[in-house]
Amino acid sequence: MSMRGSGKLWLVMADGQEDPAVFTSTCLPSDSRLLATVTNAYLGTRVYRNILHVSGVYNGAAGDTHRADIPSPVNVRMTVPDGDVPVETFTLNTRTGTFSHKLESSSYTATHQIYAHHSLVHLMAFSITIWRSAGTSQPITVQLQAPFVPKSQDLDLQQGPDFQGAHYIYGQTLVPEVEGGPQPTVHMLWTPVPQAVTLHEEEQERRWEFLTAVAESEEEAKRSYSEGLARMAAGSLHSSHTRAWAALWRGCCVDLEGPLPLRQALYGCLYYLLSAIPPQGTPGFHFHGISPGGLSNGTRGEDYWGHVFWDQDTWIFPNILLFYPEAARAILEYRIRTLEGALLNAQEQGYKGAKFPWESAATGREVCPEDIYGAQEIHITGDVLMAFEQYYHTTQDQKLFRTDGGWELVSAVAQYWCSRMVWSEEEQCYHIRGVMPPDEYHYQVDNSAYTNAVAQRSLNFAASVARDFFIPVPEEWVECAKKVKVPFDAVRKYHPEYDGYSPGEPVKQADVVLLGFPLMHPMHPEVRRNDLVMYEPVTELSGPAMTWSMFAVGWLELKETQRAQGLLNKCFSNITEPFKIWVENSDGSGAVNFLTGMGGFLQAVLFGYTGFRITKTNLRFDPAFPSDVSKLEVTGVSYLGSKLKFSITKEKMRIAVTKCPLHPPLEAVLEESGQRFPLHEGQSISFPTAAGCIQKAPSEGL
């Protein structure tokens, strides 16, 4: 059953409600950049695009390095002979991770489905299915436009022998990122695509399936292709993909009783972020990070060329961590694997320790094409460490730090910050000079409030981990953390963005407001409010999409819910129709499929509406949401190995425990009354909505 209106068409659920997770349209956007993307942790493309990308496969030296374009065999468009005018619909089903194109006429229905297999990450596939309507018998032919050319500007492609009916090409990237650096070889097998498929007169229905396997070894490509063929023969290729997506959604969902566009935005954001993470149950998955435009984007000159920024660690990571800590760990492992490059970056700039690149690709060396960002936008190093800190407090996974390289990274970052600080005799505190803050309108400034606060947090975390592991804490870490300057105007009671900032000066994006969240820098609520009031009117209206999400979190913290709602509503000008693809700037400029903006928006709900805050000892909650939302449900919150479901209304809160391996279990503690509720697996608790926290219950006998 479906409803139509304004060129869009929505799926209607059994209860008569439109399904917020299914986006359908009778036409495609005129700008092809706004087409839906289908990706998994290894492969990605935009539908109807002639290229695909492989995670971690870049071509080009230093600032020229970009995702290597690989010709896409899944770039196929279904058409019908002239004279036939079927009803046409295009659908992105975020529940199943599948894009489909449907042609319906009085005599037949033809459907084209395309997907990147979520659990068999080396596979992309598409199918064509034709159903005959009752009372018809003539042959039905659907034409397939497949403009595939086995060429690439980034790979030295050669043809190999066919394998199990598949064509085979392989080739190495042309230019390494650094001299002597890796030049991966890509191997691709694909089912040849005919010019047309025909449902013969004696057939009622038929499906044709087409497979593409991509890997960095011939052996893996062939193994994956054979596995795909076996699933096809068993009729389970697509169903195994949709089962993987169903399991993902069971362990992670955000829904609410409120406006449909808000619900759709949440499903869209989660779909595009979940598409990027390793499949569940694959520890050790060799992950290559998440770029602002995702794996589908990042060809030369597009979407920051597929490089990884703070967007991953600050904007995307917290959402992944809250639901899937194993996937969050894979993101951190990418930073650990590129630590060697970060050590060299610091050394080249004359500092100790590790300086993470503003733009990172395969090696951790700086690949930003403009020197100033790599030299001055150094808050990235603290942003990386904050992700490690959030992970540590959420999971208590000591193995990552003790044996898997985490501690080496933490201590190297602490060394970097100490070496980057200089003592000011005049002010009797440490300065960090000559930086570019998150607000990129300003550079070569001293004592960026955000940069210095994130450096302080890095040092405090490093000292805390050292104490946990009984490692002597260098006195320098403690001193630098204690005495680093975070600019504060005691008269106006607000944080100037940097030394010499004049109130009213324009700001590109959220900067000082990030002190409150995610940094949780200690401050009085009056100061938090003043920072919001000071910077909101001077922040660029059409700036990056995550900006207003962070202002919204601030106002929600202060319980000014309607003010928060007004700011969150601004985000909708960055969401495009019909597939909910985000653009970086509201005027349509900048990166497309902007996962960073989606991450910020999700945080506004996941950490703003709920009041979730990850601290050293607990997971705090303090709900507040605007009047047009009557109920919020967050399924699959992960904390210390447990899985929780929060159902929140303005009057009542319910926490259900779906998994709790801990003994003693977790408990919920209310802030004001001190009331405690043990959280046992399979049970739920409820209480009047109030602030509180989830923490480990004290051991019996203590």
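The chain as shown is numbered from 1 upward.
Using N, Cα and C of the backbone, Cβ positions are placed for all residues, glycine too.
Feature list (source: Swiss-Prot):
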type	residues	note
ACT_SITE	Glu440	active site, proton donor
BINDING	Trp310, Asp311, Lys508, Gln509	substrate binding site
Look at each of the recorded positions, Asp311, Glu440, and point out the one with the fewest other Cβ atoms around it within 10 Å. Glu440
Residues close to substrate site centre defined by Trp310, Asp311, Lys508, Gln509, Cβ within 8 Å: Phe309, Trp315, Pro438, Glu440, Ala510, Pro544, Met546, Thr596
Let me check the 10 A CB neighbour count of Trp310 (substrate binding site). How many other CB atoms are there? 24
Please report the three-state DSSP label of Gln509 (substrate binding site). coil
Assigned element (helix, strand, coil) containing the residue listed as 'active site, proton donor', judged by DSSP: coil
Looking at the binding-site residues Lys508, Gln509, which sits with the largest number of other Cβ atoms within 10 Å of its Cβ? Gln509
Spatial neighbours of Glu440 (active site, proton donor) among the binding-site residues Trp310, Asp311, Lys508, Gln509 [C-alpha, 10 Å]: Lys508, Gln509
Would you work out the biggest C-alpha to C-alpha distance among Trp310, Asp311, Lys508, Gln509, the residues that bind substrate according to the record, and give it in angstrom as a whole number? 16
